[in-house]
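Chemist: Pasting a structure below so you can have a look.
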Amino acid sequence: MGAVHSSSNSLSLSFPSNSTFTTHQCPTTASPTATFSHKSLSKSCLFNPSTLFVITHSRNLAKVAFSNKGSSSVALRRRRRRRCGRVEAMESQKAEVIVKPSFDPFSIQSELLEKMVYDALVWSSLHGLLVGDRKSQKSGKVPGVDMVHAPFALLPMSFPETHWKQACEVAPIFNELVDRVSLDGEFLQKSLSRTKKVDAFTSRLLDIHSKMLEINKKEDIRLGLHRSDYMLDEETKSLLQIELNTISSSFPGLSCRVSELHRMLLHQYKEHLLLDPERIPINNAVNGFADALAKAWKEYDNPRAVILFVVQPEERNMYDQHWLAEVDAVGELQADGTLLVGGEAVAVIYFRAGYAPTDYPSELEWKARLLMEQSSAVKSPSISYHLAGTKKIQQELAKPGVLERFVENKDDITKLRKCFAGLWSLDESHIVNDAIERPGLYVMKPQREGGGNNIYGDDVKESLLRLQQAGNEEDAAYILMQRIFPAQSPAILMREGASHREQTVSELGVYGAYLRIKEKIVVNNSPGYLMRTKVSSSNEGGVAAGFAVLDSIYLV
């Protein structure tokens, strides 16, 4: 897989890829530490100083996951109070602090705005709300060098509490739906069979999935770290799902920081803003993900095993991803299914890369993905979970009668369907014809993740006409989705130290953590959320892709 390089303090592998394989040992009761011992070299692998995702959060959770001391129950109760969908009891408030149905940030006077911006930027620098500077060649390569604050909204976005509770309530149902769909290999293969013919990337994923079906590969420990994204449709007042992410659910780290930033600002300037900071829901996404990873590691039952993170190198968003860790490594599969990386057994593999064709520039990356899938390590996601999150499967699940294949509870089915926007395949001619006539009402989506891939407006019409004229099966690489029109709201967006007054729209992502051990569900919850806000004229919404900023919600 490449040449091994060693030095006095690290082990790495030359891996010609956009994916970097990294390891971190999970904490134990005796010694929750950020390093592991490498026997063959008798040296310690170094980790970046920004590995707080696993160091700080897993260390705090170690008392809960790996200890039976009385303090564990206190920590558990504290986490329960902070779970998604719950707003902690408000403290006695001064008369001037009220819950306002709306707030116009444009009304903030210049002098006050300048003070708020300054405080927000200082707080961001001190608390790790950071990304690499795109103008620097070292950005994304050297931690702690050439950093700028992550793009964020200066104040939280108003959001209806009823729809917030709805999104949190349905999250565990979506978690279990993904798990059940992943176990139905026939459904996945059949639903994606036409797509496989015209989409090389999906085809390669299906090939790996087929190999796992052939060898009857069992995943007794199944781990899902998901995020379901929604927009609030202005006309129908409905919360409609945009997509369900089962791989690389980004920003669990930085989203928590933005919620904390906004809570601080509302405290600091409550006499001016008259907003209650307790109306910003507690965001515990990073702890929730770390907790699920730790529990999966524990169930693997090898105290010396490590957690492997697959991340993209030279990534400006490294301070969200590197709340993880980074060490290039070499892997091999043992006869008993154990995956060794740098001589260390791997218990859990967490993919923050691997969702796009650019992550597989050569056969080496595909071999590595297959190697990991064949291993006994817990994967998040496994190949079946990955496929369950594709756009085509989302569209198939929206068909009448399909949810009943996977969900028995009728109330749960109703809750899921209430979130579904209109979704259609391109073999439905009446829908395609309507999209050609009224392209502004549809979005055309390929089987891709990461932002910047969707087709809007007149481009929908042109693309559909081109596919009709071609007369081949290329249309199977796309789906059509109802376009959602959220209400516009004024916001102050922060980029590179400057504030911008903009009319914006927002997208809510609700995280889901799921862990099943054989038939026992160990974790199924929604630990936090991601709010993204963008200029209303922008179609795409990815923060890392440069379209949106990080935000939080203010319940009204």
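Cβ coordinates are placed from backbone N, Cα and C, and glycine is handled just like the others.
As listed in TrEMBL for this protein:
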| type | residues | note |
| --- | --- | --- |
| BINDING | Arg227, Arg532 | substrate binding site |
| BINDING | Glu243, Asn245, Glu449 | Mg(2+) binding site |
| BINDING | Glu243, Lys391, 445-454, Tyr456, 481-484, Glu507, Lys534, Glu540 | ATP binding site |
| DOMAIN | 327-388 | domain 'Glutathione synthase substrate-binding' |
Chemist: Within 10 Å of the Cβ of Glu243 (Mg(2+) binding site), how many other Cβ atoms can you find? Include all protein chains, please.
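Modeler: Summing over all protein chains shown, Glu243 (Mg(2+) binding site) has 18 other Cβ atoms within 10 Å.
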Chemist: Taking the domain 'Glutathione synthase substrate-binding' (327-388) alone, what is its mean pLDDT?
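Modeler: Overall, the domain 'Glutathione synthase substrate-binding' (327-388) comes to a mean pLDDT of 89.
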Chemist: Excluding Glu243, Asn245, Glu449 themselves, which residues in that chain have a Cβ inside 8 Å of the centre of the Cβ atoms defining the Mg(2+) site?
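Modeler: My list of surrounding residues reads Arg227, Asp229, Leu244, Thr246, Ile247, Ser249, Tyr355, Gly389.
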Chemist: Checking the binding-site residues Arg227, Arg483, Lys534, which are within 10 Å of Asn245 (Mg(2+) binding site) at the Cα level?
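Modeler: Within 10 Å Cα-Cα: Arg227.
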Chemist: Treating G and I as helix alongside H, and B as strand alongside E, what does DSSP give for the domain 'Glutathione synthase substrate-binding' (327-388) in helix, strand and coil?
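Modeler: Within the domain 'Glutathione synthase substrate-binding' (327-388) the tally stands at 21 helix, 17 strand, 24 coil.
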Chemist: Compute the C-alpha separation of Glu243 (Mg(2+) binding site) from Arg532 (substrate binding site), stating it in Å without decimals.
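Modeler: Distance (Cα to Cα, whole Å): 14 Å.
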Chemist: Can you name the residues of this chain that are 6 or more positions from Pro446 (ATP binding site) yet have a C-beta less than 8 Å from its C-beta?
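Modeler: Asp199, Lys391, Asn453, Asn454, Ala477, Tyr478 - these are the non-local Cβ neighbours of Pro446 (ATP binding site), listed in sequence order.
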Chemist: Just to verify a number: CA distance, Arg227 (substrate binding site) to Glu449 (Mg(2+) binding site), in angstrom, no decimals.
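Modeler: Arg227 (substrate binding site) and Glu449 (Mg(2+) binding site) have their Cα atoms 13 Å apart.
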Chemist: Please report the Cα separation of Gly452 (ATP binding site) and Arg532 (substrate binding site) in Å, rounded to an integer.
Modeler: 15
